[in-house]
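Listed in TrEMBL:
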| type | residues | note |
| --- | --- | --- |
| BINDING | D119, H159, D167, K364, H369, T411, N450, A451, R482 | substrate binding site |
| ACT_SITE | E251 | active site, proton donor |
| ACT_SITE | E449 | active site, proton acceptor |
Amino acid sequence: MTLTLRSSTSFIHLNDTKIIKAPLLEDLHGIISFKQAKPPSCLRIRNSLQEIKMERGSNKMEKLHSLSLNHHTNDLRVPVFVMLPLDTVSLGGSLNKPRTTNASLMALKSAGVEGVMVDAWWGLVEKDGPMKYNWEGYAELVQMVQRHGLKLQVVMSFHQCGGNVGDSCSIPLPPWVLEEISKNPDLVYTDKSGRRNPEYISLGCDSLPVLKGRTPIQVYADYMRSFRDRFRDYLGEVIMEVQVGAGPCGELRYPSYPESNGTWRFPGIGEFQCYDKYMRASLEAAAEAIGKRDWGSSGGPNDSGQYNQFPEDSGFFKRTGTWNSEYGKFFLEWYSGELLQHGDRVISAAKGIFHGTGAKLSAKVAGIHWHYGTRSHAAELTAGYYNTRHRDGYLPIAKMLAKHGVVLNFTCMEMKDGQQPGYANCSPEGLVTQVKMATRDAKAELAGENALERYDIAAYEQILATSRSESGNGLAAFTYLRMNKDLFEPQNWRNLVEFVKRMSEGGRNWRLPESDCCGSDLRVGFIKEKRIEKVVVV
């Protein structure tokens, strides 16, 4: 099996001679020897039973993918980033598998990606106590990314890892925060059955000093300020984007569809998360302010069904349900409005901290596409997006982010309507189009992600289509989920490299090169003038 990588820029210093023992993948170990050579050159990489050496290349080369010389200056290009594993930094605070990460970054650079994304977990960095930060593992990563000439997106992850789609490890909130939650369970989101969700602190206490004398917003701000101070020299140079987490999974939403312990299953409508005492007090005050005290007494609709029901199973969400009544409109305005204000508070804090650093800010919005074809859009409503057949719930979010100059990062860019089960009334394509239009109207930048791990051409084709601006905004950037062993499988790797190339050309339609049609070996890459760096894994 052969892996051939070519890069528009060399990732090897040919005038250096050194030997590095490095696992290329999680379970692949080898020795890489870089010898002085004249281009074209060949880096041959073998497993632990074989030597790995660089030697002069042969003139017998297969067809390569032509690439215009303005690849990195094309105004239409969509830079592609790749998400690193969730456990890139270990529970002990050090960089996990540094040699594997180093080799993987080398490969990604050769594929033409712009950079990588990593979660800066609150539960790791501030786990030893309030304002006791450990950024050492991330510092090692930043320096490694810089050495490879890549860029970095860093997520301020104020949520727990574990219990959701794709979560491969468990990273809870900091122990001292969990201690406060154990004393006061109302610090976290709560459903109508009293079930507590420890993924993220309830926005109901945003402005209350409930975390050892600080408010949650102050805690988030102190964390981001510490990050800024630690990485000041890299912001705007290596660290190009800071994504500000504002809810579970880092998304601006309520945890309305928790998968942990089987609470929710696709395509359930989810449940409202407004039953902690702080959210209830806010609802009561809102109801009393309009002279409808009884509308705030129950904490939320009493006919909104359960997590795994369908819209027509509940009095609130059914076609002619109370979601469209005077009470329903009041409640949904309040529920979505609280979420929007929370996002505004967190983003405002981040904007004040990172202003002038050169790093862009972004915020993530969830792609809740199930039941999108119904009138009520029940699953979106429970998550806090007041989006129905009669109301655009994404325009207010886009306007809030545009006000701060923040990029809206949206998911499910790889999904097509025809791939979804008919009974779930899904329309990811309709949802993406709506968000593209909302960001265009709000004059907000739009970036994208795939919601699920996909390696097939069909998924890449759909991303290419949504990256263009025929309807609404095109994409300013795309972040691919996720770097793992499967990504480096020959067919998957070839697809990724071709995808990155197409995105660099402004989202051109998919076209497999002649030399790759047989599919027996992986031969992917770029040409720049006549210099070719070739990597072969045998």
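The backbone N, Cα and C atoms fix where each Cβ goes, and this holds for glycine too.
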**OP:** Could you work out which of the binding-site residues (H369, R482) has its C-beta surrounded by the smallest number of other C-beta atoms within 10 A?
**Re:** R482
Subject >> Separation of alpha carbons, the residue listed as 'active site, proton donor' and D119 (substrate binding site) (Å) >> reply: 13
Subject >> the residue listed as 'active site, proton acceptor' to E251 (active site, proton donor) - Cα separation in whole Å >> reply: 12
**OP:** Please work out the number of neighbouring Cβ atoms within 10 Å of the Cβ of E449 (active site, proton acceptor), leaving out its own Cβ.
**Re:** 22
Original post:
If one looks at the chain holding N450 (substrate binding site), which residues at least 6 apart in sequence have a CB under 8 angstroms from its CB?
Top reply: T411, C412, M413, E414, A459, I463, Y480, L481
Original post:
What's the CA to CA span in angstrom from R482 (substrate binding site) over to the residue listed as 'active site, proton donor'?
Top reply: 17
Subject >> H369 (substrate binding site) and the residue listed as 'active site, proton donor', Cα-Cα, nearest whole angstrom >> reply: 15
**OP:** State the count of C-beta atoms found within 10 angstroms of the C-beta of D119 (substrate binding site), not counting that atom itself.
**Re:** 24
Subject >> Surrounding CB atoms that lie within 10 Å of the CB of E251 (active site, proton donor), all protein chains >> reply: 24
